[in-house]
Amino acid sequence: MSHAVKIYDTCIGCTQCVRACPLDVLEMVPWDGCKAGQIASSPRTEDCVGCKRCETACPTDFLSIRVYLGDETSRSMGLAY
């Protein structure tokens, strides 16, 4: 089952979320917006099972990665009208 995975620009490039994902949904890509020079990316969201291990692993105060399940996607990402 596919879930929406949102990476926020508060990502510090630490790779914790990538290492925590049991299905390799995430990867790091080059990005000049942080000191690490990389940011998490979610190219394989169709493989996401919604375990949210990536969220748990994120060390930032404001979670830099969020997994949205079903109807939660529309409400939480501001997509509901």
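From the backbone N, Cα and C atoms, a Cβ is placed for every residue, glycine too.
The [4Fe-4S] cluster 1 binding site annotation in Swiss-Prot covers Cys11, Cys14, Cys17, Cys58. Around the Cβ of Cys11 ([4Fe-4S] cluster 1 binding site), 22 further Cβ atoms fall within 10 Å across all displayed protein chains.
If you draw a 10 Å sphere around the CB of Cys51 ([4Fe-4S] cluster 2 binding site), it holds 15 other CB atoms from the protein chains shown. A coil conformation is recorded for Cys51 ([4Fe-4S] cluster 2 binding site) in the three-state DSSP classification, outside any helix or strand. Annotated [4Fe-4S] cluster 2 binding site per Swiss-Prot: Cys21, Cys48, Cys51, Cys54, in sequence order, evidence recorded as sequence analysis.
As a summary of secondary structure, the domain '4Fe-4S ferredoxin-type 1' (2-31) carries 5 helix, 8 strand, 17 coil according to DSSP. Summarising the annotation, Swiss-Prot assigns domain '4Fe-4S ferredoxin-type 1' to 2-31.
According to Swiss-Prot, the feature domain '4Fe-4S ferredoxin-type 2' maps to 37-68. Same-chain residues lying 6+ beyond the ends of the domain '4Fe-4S ferredoxin-type 2' (37-68) with a Cβ under 8 Å from its Cβ atoms: 1-31, 76-77.
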Exercise. Within 10 Å of Cys54 ([4Fe-4S] cluster 2 binding site) by C-alpha distance: pick out those among the binding-site residues Cys11, Cys14, Cys17, and say none if nothing qualifies.
Key: Cys17
Practice problem: May I ask which residues of the same chain, at least 6 positions away in sequence, place their Cβ under 8 angstroms from the Cβ of Cys21 ([4Fe-4S] cluster 2 binding site)? | Solution: Arg53, Cys54
Practice problem: Select the most exposed residue of Cys14, Cys17, Cys48, Cys54, Cys58, where exposure means the fewest other Cβ atoms within 10 Å, treating these as the binding-site residues. | Solution: Cys14
